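Residues annotated as GTP binding site in TrEMBL: Gly24, Leu25, Asp26, Asn27, Ala28, Gly29, Lys30, Thr31, Gly64, Asn130, Lys131, Gln132, Asp133. As annotated by TrEMBL, Mg(2+) binding site applies to Thr31, Thr42.
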Amino acid sequence: MYHLAKGLYRLATSKEEYSVVLLGLDNAGKTTFHEQLKTVPTVGQNVSTIVLPDMYLKLWDVGGQHSLRQLWQSYYASCHAIVFIIDSTDIGDGNLEHDSSGRLDECRLVLEDVLQNSETEGVPLLILANKQDREDCVEVVRIKEGLVKRVFEGDKASSIRDSRVLPVSALTGTGVREAVDWLRSRVKWNKESRPPVMR
Ligand SMILES: Nc1nc2c(ncn2[C@@H]2O[C@H](COP(=O)(O)OP(=O)(O)OP(=O)(O)O)[C@@H](O)[C@H]2O)c(=O)[nH]1
Ligand SMILES: [Mg+2]
């Protein structure tokens with residue numbers, strides 16, 4: 001009887017859990033974005049869970065430094081969405097042809113690499129044009145035209161997936177709510193291909 005009651009209680013109180021991995025070059029603002037949302041720390045500092053009315057969103061903050069990027073792929077198979085964060089102040093004027101620092105091109109290559117991996121096929125992708133609070137930031141439309149469109153139109157991004165580009169400031173929190181709302185709807189839409197874990 002106890003086990004039945006416990007089972008029923010669990011069934012009534014359990015929720016779907018979806019994992020979201022935060023990617024992007026070093027210094028893009030992944031950890032700042034994560035801090036903005038952090039409610040329940042899970043194992044380790046770089047994982048936390050946001051409790052939403054209808055689901056848990058588990059966020060994985062992975063380091064973006066060059067040497068750490070090879071670890072990203074270990075998150076691909078189990079993630080339900082990818083957030084790719086861009087430092088909008090570190091991509092020149094957003095045009096690949098004038099990219100003197102090389103960071104826009106680096107960003108493009110890294111993003112292409114993520115999209116090309118077969119384990120990310122069909123996974124919803126949210127691109128965040130971060131640091132929009134800064135005066136020297138490149139506007140989101142330019143990032144869409146100069147980077148995202150090129151990546152999506154190139155031959156390296158074959159698979160069909162839900163994607164969106166949103167302007168945010170992880171520091172001030174502007175746009176963060178919209179980002180979570182987008183993720184919440186998309187992981188649900190994609191749940192047949194990537195079923196959630198029940199918690
Ligand atoms: N002005 C401004 N600064 C930001 C914003 N987001 C992050 N920063 C700053 O950018 C720097 C890097 O942010 P992090 O969140 O540590 O970057 P990261 O992507 O986690 O970097 P790695 O862990 O090295 O991959 C910090 O000094 C942040 O305060 C933002 O929206 N606006
Ligand atoms: Mg970090």
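The backbone N, Cα and C atoms fix where each Cβ goes, and this holds for glycine too.
Here the features listed in TrEMBL are painted onto the structure.
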{"residue": "Gly24", "record": "GTP binding site", "contacts (Cβ under 8 Å, 6+ apart)": "Lys30, Gly64, Val83, Phe84, Ile85, Ile86, Asp87, Cys107, Val110, Leu128, Asn130"}
{"residue": "Asp26", "record": "GTP binding site", "contacts (Cβ under 8 Å, 6+ apart)": "Gly63, Gly64, Gln65, His66"}
{"residue": "Ala28", "record": "GTP binding site", "contacts (Cβ under 8 Å, 6+ apart)": "Gly64, Ile85, Ile86, Asp87, Asp90, Asn130"}
{"residue": "Thr31", "record": "Mg(2+) binding site", "contacts (Cβ under 8 Å, 6+ apart)": "Asn46, Asp61"}
{"residue": "Lys131", "record": "GTP binding site", "contacts (Cβ under 8 Å, 6+ apart)": "Gly29, Asp87, Ser88, Thr89, Cys137, Ser169, Ala170, Leu171"}
{"residue": "Asp133", "record": "GTP binding site", "contacts (Cβ under 8 Å, 6+ apart)": "Ser169, Leu171, Thr172, Thr174"}
Neighbouring C-beta atoms (10 Å sphere around the C-beta of Gly64 (GTP binding site)): 21
Can you tell me how many other Cβ atoms are located within 10 Å of the Cβ belonging to Lys30 (GTP binding site)? 27
Got a sec? Which of Asp26, Lys30, Thr31, Lys131, Asp133, the binding-site residues, have CB under 6 Å of any ligand 2 atom? Lys30, Thr31
Would you mind pulling the DSSP three-state label for Thr31 (Mg(2+) binding site)? helix
Pairwise over Gly24, Leu25, Asp26, Asn27, Ala28, Gly29, Lys30, Thr31, Gly64, Asn130, Lys131, Gln132, Asp133, annotated as binding GTP, what's the top Cα to Cα distance to the nearest Å? 21
